[in-house]
Amino acid sequence: MENVMGTGDAAGVIPGGSKLGSDVPGYMVVGFEVVPCSFMHEGNLVKKLKMYDRYPSPVKCEATTVSMPIKEGVPVAFTYEVAFEESDIKWPSRWDAYLKMEGSKVHWFSILNSLMVITFLAGIVLVIFLRTVRRDLTRYEELDKESQAQMNEELSGWKLVVGDVFRAPTNPALLCIMVGDGVQILGMGLVTILFAALGFMSPASRGTLITGMLFFYMILGIAAGYVAVRLWRTISYGDHKGWASVAWKAACFFPGIAFLILTTLNFLLWGSHSTGAIPFSLFVILLLLWFCISVPLTLIGGYFGAKAPHIEYPVRTNQIPREIPAQKYPSWLLVLGAGTLPFGTLFIELFFIMSSIWMGRVYYVFGFLLIVMVLLVVVCAEVSLVLTYMHLCVEDWKWWWKSFFASGSVAIYIFLYSVNYLVFDLKSLSGPVSATLYLGYSLFMVLAIMLATGTIGFLSSFWFVHYLFSSVKLD
């Protein structure tokens, strides 16, 4: 039996009376509830009925009992009846019913618990960290020049790397390109989730989310070009040479990798004669969007980045690089371990997102997703700041790439979680082609997350290092 709930909010869509053009308001279905039950039908009555005929006797539906025994050779009759009920639910709010699914309380409380724990830990880390740096700066600036000179000889930690901290990293162009693309992906994610949380993108049509993401990604090509070129000019001490090459590579780096992954997966689908393969016409449209909109906008952003003043370093860089002391433990081990804290902020939400993508479940709590994403940005910035400070304290001035991967390493744990989800939750996936498709799409998602989170970590560390060394008066 079905209870169908309607509202007169969309009058005129469906005629209410038997005559067309009646003034009686129409109704739109805003929800339904299906109650299955077992009922013992009378054989003679069922034989005489045709499809859509009304059942002559009333049906008493008891969902907890089984009235109809199933026997071999005996036909089974399926009937249904519909009861319409007027509802106060408005047409735009019809999808709110999915918030009342089973297990939603666990979902909400788990996210809230995760947010509270991570916020508490991040607050403690930030307070301790700021107090340590403030104390170092205050103690150093209160000394007179003679005492500072004497102290410089006895100094240890980050003050010793003042002549090397802004030395250009290895592969500077690649770092600029990845940071530029990360700004573009991060901006796309934040703006899309914000619009979805405000209700502009209905979960009834997943196509609106994908369309919105593509639109914001292309528009934010200006930001990618601007950030990549301006960072390139900063590392090059204001040199304009090569800015067009950096902007062009920033426009092609992430989309090129994504196109390569999607093309490879599509060949697998074509080879297995799957109907899920992307049509060739859609490939052509995506290429046109890439080269006719995204690339020109990125080059325009690069032009503005080349015209903008580069960021001046507060200290001079020595000609001869300082030798980095031997470390007790590999620095990259600490960098890889740093990704566990950002992963802790999103792994609960990640389960529901993965279930929405691969299990066909509806995802509707974009408000919580927005909160989790803002918290993820804060935690990535703090984790990268702390690790950069720790590296500088042990006289390791090669912080550029480490600050990027300190927060970007969360992508490794997300990929491992994706493999775990494949093994334990997607047992219905059959064959190597399905598993390869899943891992390919997961790799694409993980790459985007690495660029976005790594960019957060790098930009926060760059700001911190610039602030730290501009606050200390050194000759």
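Start at 1 and count along the chain as shown; that gives each residue its number.
Positions of Cβ are set from backbone N, Cα and C atoms, glycine also.
For 108-130 (among others), the entry in TrEMBL reads transmembrane segment.
Among the features that TrEMBL reports, transmembrane segment is placed at 173-197 (among others). Counting same-chain residues at least six beyond the ends of the transmembrane segment (173-197), those with a Cβ under 8 angstroms from any Cβ of the stretch are 209, 212-213, 216-217, 220-221, 223-229, 231-232, 235, 242, 245-246, 249-250, 253-254, 366-367, 369-370, 373, 377, 400-401, 404, 448, 451-456, 458-459.
Annotation source TrEMBL lists transmembrane segment at 209-229 (among others). A Cβ distance under 8 Å defines the sequence-distant neighbours of the transmembrane segment (209-229), meaning residues of its chain 6+ beyond its ends; these are 176-177, 179-181, 183-185, 187-189, 191-192, 195-196, 201, 243, 246-247, 250-251, 289, 293-295, 297-306, 308.
For 250-270 (among others), the entry in TrEMBL reads transmembrane segment.
Among the features that TrEMBL reports, transmembrane segment is placed at 282-306 (among others). Listed as Cβ neighbours of the transmembrane segment (282-306) (distance under 8 Å, sequence separation of 6 or more from its ends, same chain) are residues 214, 217-219, 221-230, 232-233, 240, 243-244, 246-248, 250-252, 255, 259, 263, 266.
When Cβ-Cβ distances below 8 Å are used as the criterion, the transmembrane segment (332-358) is approached by residues 107, 110-111, 114-115, 117-118, 121-122, 365, 368-369, 372, 375-376, 379-380, 383-384, 387, 390, 402, 405-414, 417-418, 421, 425-426, 438, 453 of the same chain, each at least six residues removed from its ends. Among the features that TrEMBL reports, transmembrane segment is placed at 332-358 (among others).
According to TrEMBL, the transmembrane segment annotation covers 364-387 (among others).
Residues 165, 169-170, 175, 178-179, 331-332, 335-340, 342-343, 347, 350-351, 354, 358, 380-381, 383-384, 387-388, 391-392, 429, 435, 438-439, 442-443, 445-447, 449-451, 453-458, 460-462, 465 of the same chain sit 6 or more residues outside the transmembrane segment (399-423) yet have a Cβ under 8 Å from a Cβ within it. Here TrEMBL flags 399-423 (among others) as transmembrane segment.
Look at TrEMBL and you will find 443-469 (among others) tagged as transmembrane segment. Through the fold, the transmembrane segment (443-469) approaches residues 133, 137, 158, 162, 165-166, 175, 178-179, 181-183, 185-186, 189, 254, 257-258, 261-262, 311, 313-315, 342, 376-377, 380-385, 388-389, 392, 399-400, 403-408, 410-411, 414-415, 418 of its own chain, all at least 6 residues removed from its boundaries and within a Cβ separation under 8 Å.
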